[in-house]
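These come from TrEMBL:
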ACT_SITE  GLU180  active site, proton donor/acceptor
ACT_SITE  GLU255  active site, nucleophile
DOMAIN    37-330  domain 'Glycosyl hydrolase family 59 catalytic'
DOMAIN    338-453  domain 'Glycosyl hydrolase family 59 central'
DOMAIN    489-663  domain 'Glycosyl hydrolase family 59 C-terminal lectin'
SIGNAL    1-22  signal peptide
Amino acid sequence: MIYKVSFAIALCFSLCFDLCIAESYVLDDKVGLGRTFDGIGGLSGGGATSRLLVNYAEPYRSQILDYLFKPNFGASLHILKVEIGGDAQTTDGTEPSHMHYENDENFFRGYEWWLMREAKKRNPNITLIGLPWAFPGWVGHGKNWPYDFPDITASYVVSWVLGAKQYHDLDIGYVGIWNERNFDSKYIKALRDTLDKVGLTGVGIIAADGNWDVSNAMGVDPYLNDAVEVVGAHYPGTTTVMEALKTQKKLWSSEDYSTFNDEVGGGCWARILNQNYVNGLMTATISWNLVASYYEDLPFGRDGLMTAEEPWTGNYVVESPIWITAHTTQFSQPGWTYLQTVGHLVHGGSYVALTDSKGNLTVVIETMTHDHSVCIRPPLLPFNVTAQNVSFQLKGSFASIKELQVWQSKFDFKTKKPFFFKKLSPLKIYDGSFTLSLDVDEVYTLTTISTGQKGTSSDPPASGPFPKVYKDDFNVANPSFSEAPDFADQTGVFEYYINLTDPGPHVFTLRQVVTQRPVTWATDADQTISIIGDYKWQNLTVMCDVFMETVKTGGVFVAARVDKGGQSVRSAKGVFFWVFADGSYKVTNDLVGKTVLAEGLSGTRAYGWHTLTLTVEGEYATGLLNGYPLWKDAVVLGPKNGWAAIGTHSFELVQFDNFAVEAK
């Protein structure tokens, strides 16, 4: 009994000793400074991740934008990176190119121009970046590779940069290099030369927006090294490589996070924002994606800093990553400098410190545990974090600081009562030091900056499903955006169109405009398709007027229960009702058209309007052409639910009008 009591006392003393004795850390600028901080950002695109945002009504749309970009309000982002649309599927949809064809230029397509303007309106100092994930087919000259003609590709990208300034007064700070397969040194050099020739010497190149391999080539190619301003990697796992460090260039995590935005996702973001610098000396981290504003059942649903996927209700959710971002962005700015005295805490977690070299200091501490901070990629090796006391000694120019503002976030996975970005009482500094008691899964900011604020807006409307009855006649003479509301293009581009040759009821239509397979890294379908509605829909009627513009080989469809999109669109199943310009029809169970449920003659031709009506009820489907039965009671093999959709047989011109859906 005496041994057991003595052991218990010893164990208690040991635990108390571990918690009561504070490990000591030094924050000192006299030993020299670290690298210059370049900011925290979000990525719109790669692809179509902000698609539904533009369809929000006010004031909700502006509230969402405030949480993302407004200084001292929410995430207060320093960087906005956008996709340079390439008419191709790039993860969750397609974004339109400013040059569908070689002799075509239009700098008002899509929504990225609008998003950059809105970001700049809120934060005039925000850094803007453009990156193409894909290219129109003409850039590749028939190949699925954009770099065989580097001067052409460079001119294409530079025209986008010039258009941003000429038409939207937007100064692009950087352009990235498409590198899902491999970087191309000749193209990087051509891009640098083309930028310089048109006076864009201040626009930097980020290479290679993939892994660190470009740094090997930069080490042996001085011209390539001079052409690249930032070495950027995707999902680096908080580490870099020696070759990248040897370039002495800025190192960025130019795409990161990509994790479901629940509290584990927030923990992932908290850990990598600190440790990308502590472990990898990366001075900027950019989240894919900025805001999850696409149908949730597409790939990587809710992998954004916040969620805004219901423009039909106005509902949105300010998720924990917004406030984790604020711990850094509201209290440090690009141009500040990391201290050399940053690192890991003895009992797990990390700390960084930044200064503006004018007397201000910001310290960010995170104690995220392994299981509560796992990102979607790469795999995370085991590590331990325990509660601990820490003591910080302020030296150098910080020794005279008497008080620090304190902000805290706590991920409470036990009681499920977390709180985020809570302002605590100021911390008094005595004899140049302070002590904190840190629990696991916490984030602290201690700062001399007093302007931080947890912004609030009126509560958004309640969440709700997509309307069961939906109609769009596309009669918009001067649309604010080129896409029709709520349609999410998955292959091809469907744009508002004015049909000047038709004096009848079909003057304003929606038109699929991509006529050549684009250069893409994703598995685009050979057919074009745009989805809409509620993924849970089972029994529904879809109706649309269609107008084929390709004689004999043209084809068009309406569909229900479409079960896949994004990178998986090629294997989409559902019920597809096709008519063709050769006078035939077909009903298939898949987008590729291999599983045929019914087929026959339709009498349809190009350059004439036809009305397609598809009804799916239980295990059976029926189709009408121009209001008359064409086929009925086709047995549906599956799936049981999915979106409605419209699309074309190939990359061809087709117009759509008077779309309607009614779900039960």
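Positions of Cβ are set from backbone N, Cα and C atoms, glycine also.
From a predicted model like this one, the values you see are computed outputs, not experimental measurements.
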Remark   = Within 10 angstroms of the C-beta of the residue listed as 'active site, nucleophile', the count of other C-beta atoms across all shown chains comes to 24
Predicted model, mean pLDDT over the domain 'Glycosyl hydrolase family 59 catalytic' (37-330) = 97
Key: DSSP residue counts for the domain 'Glycosyl hydrolase family 59 central' (338-453), split into helix, strand and coil   = 3 helix, 55 strand, 58 coil
